[in-house]
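Copied over from Swiss-Prot:
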- CYS90: active site, nucleophile (ACT_SITE)
- HIS179: active site (ACT_SITE)
- GLU181: active site (ACT_SITE)
- SER233, GLY234, GLY235, VAL236, ASP237, SER238, SER239: ATP binding site (BINDING)
- 13-205: domain 'Glutamine amidotransferase type-1' (DOMAIN)
- 206-395: domain 'GMPS ATP-PPase' (DOMAIN)
Amino acid sequence: MSNISTDLQDVEKIIVLDYGSQYNQLISRRIREIGVFSELKSHKISAAEVREVNPVGIILSGGPNSVYEDGSFDIDPEIFELGIPILGICYGMQLLTHKLGGKVVPAGDAGNREYGQSTLTHTPSALFESTPDEQTVLMSHGDAVTEIPADFVRTGTSADCLYAAIENPDKHIYGIQFHPEVRHSVYGNDILRNFALNICKAKGDWSMDNFIDMQIKKIRETVGDKRVLLGLSGGVDSSVVGVLLQKAIGDQLICIFVDHGLLRKGEADQVMDMLGGKFGLNIVKADAAKRFLDKLAGVSDPEQKRKIIGNEFVYVFDDEASKLKDVKFLAQGTLYTDVIESGTDTAQTIKSHHNVGGLPEDMQFELIEPLNTLYKDEVRALGTELGMPDHIVWRQPFPGPGLAIRVMGEITEEKLETVRESDAILREEIAKAGLDRDIWQYFTVNTGVRSVGVMGDGRTYDYTIAIRAITSIDGMTADFAKIPWEVLQKISVRIVNEVDHVNRIVYDITSKPPATVEWE
């Protein structure tokens, strides 16, 4: 399966060299928010390769290394001679100092180790234009610059950092010891904007509107008169890919939508009505609910459930694809976060590139990934720009195995229905309360636990439904959402009154870690 990726070679860009910082993606995203395309590159990139990429600016990221240690991440020194503006952040500043003849020592030796917010005091500089002379920044460094290279000047200090900002304005090389990409640095975005627009002279015209035009042109050139196959799940990513491809190549796109009977309430109809109706996507629907449920009968182990569903999805998709003729391309909703490891090689940023949907590698298609340069928030913005409604663009994350992993133990139609109906009530009430954009993810779980209850004059022995709602920034860590009690009460009352075989509601107040977001 060969791969045809998004080509943004001609787009004005700032590259971020990856030195292992946990904030690498954040730097790239902040630059994009300013209106300049940005992507991560390996710190091993050569000066010749940088010339080929032709960026308007280069950012050296932070990282966990010390520049004076053997094996620390390095840089091709010829990059400093290219005449391209450079901004070194934290480790990036220490690295450029070290390579250009300055001195870096363990901060403990210099008595100026810094972690947390600090007050930066700066002198006039293009980098700090239109920001206060004193401002709050986030410091996070165990080493410190004690001597700066020749022809550099100091432009910033803090209480514990003699050289918090340095620069060689003639060569357009800048270094800052703090992290402007995080919100704790109050004027960080202004500093990055000054670098991108004033120092690098970028136009700041990167937008989803431009991206759509470029992608449509690229897709048409790549596909020609051939047909493209897309596995449509109804999720945000595959839906946006579908609408974008439809806009580019019309009926040359064929979508396969596998309804495995494990979707949320009304989801299958919504996919067909909205994407097939309003947007005119050519959708082949595979009604495979009985096939999946038969395979899952008697299975309680969550990993076994996942494996069965994954394998069966491949079989169903392959069955449907084999009926189609003259299909040359397979489209996928792969995002930039899925493929970052192709441009970087530090342990902190490697993320396994996944073959979305688990499709077999021996399928004879060329791969098209129109979103593989975009972050999730940009995909949502793209969907909005394409005219897609909020209820699709802002759809909740949904696991590939669907409701199967929100039913503890063996899956039955009865259990699935309790989750499907209770989840619909939860989503409706969260939206009514205006909390749907504040909560990262929310859903219900059939715990598989039955308990005694009283309804009317009779005794019941029915299922316990758990509500899971979390707040998060990146999904790596999470806290339970502090939903107002009156909203929870309304949700609880509605579920026990409107959903059969349920007599008890509990609220999951566990953070991640120790718990995961999903129960299985």
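Using the three backbone atoms N, Cα and C, a Cβ is placed for every residue, glycine included.
Quick caveat, the model's predicted, so the values are computed rather than measured.
Nearest in space to GLY235 (ATP binding site), taking C-alpha to C-alpha distance over the active-site residues CYS90, HIS179, GLU181, is GLU181. Across the fold, the C-alpha of GLU181 (active site) and the C-alpha of VAL236 (ATP binding site) stand 27 Å from each other. A gap of 32 Å separates the Cα atoms of HIS179 (active site) and VAL236 (ATP binding site). Sorted by the number of other CB atoms within 10 A, the recorded positions GLU181, ASP237 start with ASP237, the lowest. Cα to Cα, GLY234 (ATP binding site) and CYS90 (active site, nucleophile) are separated by 42 Å. Sequence-ordered, the extra residues of this chain that approach the ATP site, with Cβ no more than 8 Å from the Cβ center of SER233, GLY234, GLY235, VAL236, ASP237, SER238, SER239, are LEU232, VAL240, VAL241, GLY333, ARG395. The average pLDDT computed over the domain 'GMPS ATP-PPase' (206-395) stands at 85. SER233 (ATP binding site) sits 42 Å from CYS90 (active site, nucleophile), taking the Cα positions as reference. Put simply, the residue listed as 'active site, nucleophile' is 36 Å from VAL236 (ATP binding site) when counted between their Cα atoms. The binding-site residues under consideration are GLY234, GLY235. Their Cβ neighbour counts within 10 Å are lowest for GLY235. Nearest neighbour of the residue listed as 'active site, nucleophile' by Cα distance, taken over the binding-site residues ASP237, SER238, SER239: ASP237. Long-range Cβ neighbours of SER238 (ATP binding site) (same chain, at least 6 residues apart, Cβ-Cβ under 8 Å): LEU230, GLY231, LEU232, GLN332, GLY333. Look at the Cβ of each of the binding-site residues SER233, SER239 and count the other Cβ atoms within 10 Å; the largest number goes with SER239. A sphere of 10 angstroms centred on the C-beta of VAL236 (ATP binding site) encloses 24 other C-beta atoms.
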